[in-house]
Amino acid sequence: REGYWGPTTSTLDWCEENYAVTWYIAEFWNTVSNLIMIIPPIFGAIQSVRDGLEKRYIASYLALTVVGMGSWCFHMTLKYEMQLLDELPMIYSCCIFVYCMFECFKMKNSVNYHLLFILVLFSLIVTTVYLKVKEPIFHQVMYGMLVFTLVLRSIYIVTWVYPWLRGLGYTSLGIFLMGFLLWNIDNIFCDSLRNFRKKVPPIIGVATQFHAWWHILTGLGSYLHILFSLYTRTLYLKYRPKVKFLFGIWPVILFEPLRKH
């Protein structure tokens, strides 16, 4: 089915039926579900600037927003250039997350040039190879390696350093893994899901758009991971971090510097 953006040129086309909701958006639910990755991190970045946090955390929030915007453009158009705008920032944002996690226990405003060099080099190699081979599985494996690194580091922190952060750390990880599970179900059982959607009321069909759920759950999981990283860092810097819920539902971190007597 063709729409406003013309023929599909991306190397991936997901399970949501193309242009089924509107002529202007190829995959409607896969597109709008990215709002969770765009709006909350913008507020997180603004709050980080106000609180005078290190630039790496502002970069983390903004990187998540860029991933959400790239994913929005990709699913709206199904164009190859927009696919790159989605997939490559996933690598770059994860590299920023890795840097933050491995620099949690350093002096304030310190810079680890060796780790920066390794992560920038990794990003450049992945980008160059992916532009040459155009193989989505290569991208997924590289992304998976970065996520696995984050998982190991998080487990180390909640096991050996700050055990009381287990709740936040494992919630972030659990939500992300739930999204990954639904992503796989969407890929493997696509034909069955499409047949099911034809037989049920539209509202039930929408609930089975599991790639959209992948966006929602990984967006929330990534946001919680930034909170976890930030909580770990501010604890080390002797602040008093607290997780509060805006409107009773959305988690944010508030803290105050430890007063010197």
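Keep in mind that glycine also has a Cβ here, set from the backbone N, Cα and C atoms.
Per TrEMBL, the features are:
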{"type": "BINDING", "residues": "D13, W14, E16, N18, E27", "note": "Ca(2+) binding site"}
{"type": "TRANSMEM", "residues": "28-46", "note": "transmembrane segment"}
{"type": "TRANSMEM", "residues": "58-78", "note": "transmembrane segment"}
{"type": "BINDING", "residues": "H75, H211, H215", "note": "Zn(2+) binding site"}
{"type": "TRANSMEM", "residues": "90-106", "note": "transmembrane segment"}
{"type": "TRANSMEM", "residues": "113-131", "note": "transmembrane segment"}
{"type": "TRANSMEM", "residues": "137-156", "note": "transmembrane segment"}
{"type": "TRANSMEM", "residues": "168-185", "note": "transmembrane segment"}
{"type": "TRANSMEM", "residues": "212-232", "note": "transmembrane segment"}
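For E27 (Ca(2+) binding site), the nearest of the binding-site residues H75, H211, H215 in terms of C-alpha separation is H75. In this structure, D13 is the one among the binding-site residues D13, E16, E27 with the smallest number of other Cβ atoms inside 10 Å of its Cβ. With N18 (Ca(2+) binding site) as the anchor, the candidate binding-site residues are H75, H211, H215, and the one with the nearest CA is H75. You'll find the Cα of W14 (Ca(2+) binding site) roughly 9 Å from the Cα of H75 (Zn(2+) binding site). Spacing of H215 (Zn(2+) binding site) relative to E16 (Ca(2+) binding site) is 13 Å (Cα to Cα, whole number). Its own atom aside, the Cβ of W14 (Ca(2+) binding site) has 23 Cβ atoms within 10 angstroms in the protein chains shown. Residues near H211 (Zn(2+) binding site) in space but far in sequence (CB under 8 A, at least 6 apart, same chain), listed by position: W14, C15, E16, E27, W29, N30, L182, W183, D186. Below 8 A, the CB atoms of the transmembrane segment (137-156) and the transmembrane segment (58-78) form no more than two pairs separated by six or more positions in the chain, fewer than 3 in all.
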